[in-house]
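Participant: Below: one structure in structure tokens.
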């Protein structure tokens, strides 16, 4: 909660910027968003590199197996029966850094906890995540700058990977969903910790909770890593209380009126800040220790597997 922002690069448009949900002071700073577009470009570049390495026509042989979109040459997709998302094979993803519990724990490849968030199972998976990132991330970066948003994105992605590794140990996992849910969690905690500056509190809260609920519900479908979503969301939720705190509404005006001096931050903002820092440090530390000790989260929580896939008459998990 420093008095001055360290993010000077890309700072623009100091002045009022109308927002339906909250009231802004005339001196509030807005940044040009460049990090989120750069992350999108990086993810696209990584996907192209993965498809180049995959080289489906060279590896797929036999009359009953055919690469999808063969006109793309070595960039063509695996057969739909193998990958319905129009992407590479599981072996290629594993080779390129997918999250795989045994390799992380027994082969000491902890870097996979971060590398997996730059990989995607297919073009549908990639486009869905990147469109969501643009929709969510650009607004946050414009309001809070690239340093804070970048930290939330990376640390939330790590948190999602850790929780996924603790509960899903028989499959590989890829995607930026954990980081995306971290941004959603940060948006929710930002709303709560900056509650006094919001003009349309109920509308903002209901809209955000609806988006979060729908996405978490979709995570209960088969082949979706909802543990990465939950881990990323919880990490981002705590980080929002730490990194996205705004001064109280009217604090700037009170600085020139000594008879009505107002504290820059409320007491509840300080409390949420401290509690969130403690939860983050303790939670990530305990989770990492459990992971590298080879613990299986399902043994400690018998019902938790329903959070990632809920069986119905239409599908099995």
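Just so you know, glycine gets a Cβ as well, placed from its N, Cα and C.
Note that the structure is a prediction, hence the values are computed from the model and not measured.
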Participant: For the transmembrane segment entry in Swiss-Prot, name the matching range from 224-244, 245-265.
Facilitator: 224-244
Participant: If Swiss-Prot is the reference, give me the range from 33-53, 54-74 marked as transmembrane segment.
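Facilitator: Checked against Swiss-Prot: transmembrane segment maps to 33-53.
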Participant: Tell me which of 86-106, 149-169 corresponds to the transmembrane segment entry in Swiss-Prot.
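Facilitator: Going through 86-106, 149-169 one by one, Swiss-Prot flags 149-169 as transmembrane segment.
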Participant: Around residue 229 (active site, charge relay system), how many other C-beta atoms are within 10 angstroms of its C-beta?
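Facilitator: Total other Cβ atoms inside 10 Å, all chains included: 29.
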Participant: Residues of the same chain, at least six outside the transmembrane segment (172-192), with any C-beta under 8 angstroms of its C-beta?
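Facilitator: Beyond its ends, the transmembrane segment (172-192) has Cβ neighbours at 43, 90, 93-94, 98-100, 116-121, 125, 129-130, 132-133, 136-137, 140, 149, 152-161, 164, 198, 201, 204-205, 208-209, 211-212, 215, 225, 228-241, 243-244, 246, 272, 276.
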Participant: For residue 177 (active site, nucleophile), what residues in its own chain, 6 or more apart in sequence, show a Cβ-Cβ distance under 8 Å?
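Facilitator: Non-local contacts for residue 177 (active site, nucleophile): 129, 160, 225, 228, 229, 232.
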Participant: Taking residues 6+ outside the transmembrane segment (272-292), which of them lie with a CB under 8 Å of any CB in it?
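Facilitator: Long-range Cβ neighbours of the transmembrane segment (272-292): 1, 104-105, 110, 158-159, 162-163, 165-166, 189, 192-193, 234-235, 238-242, 245.
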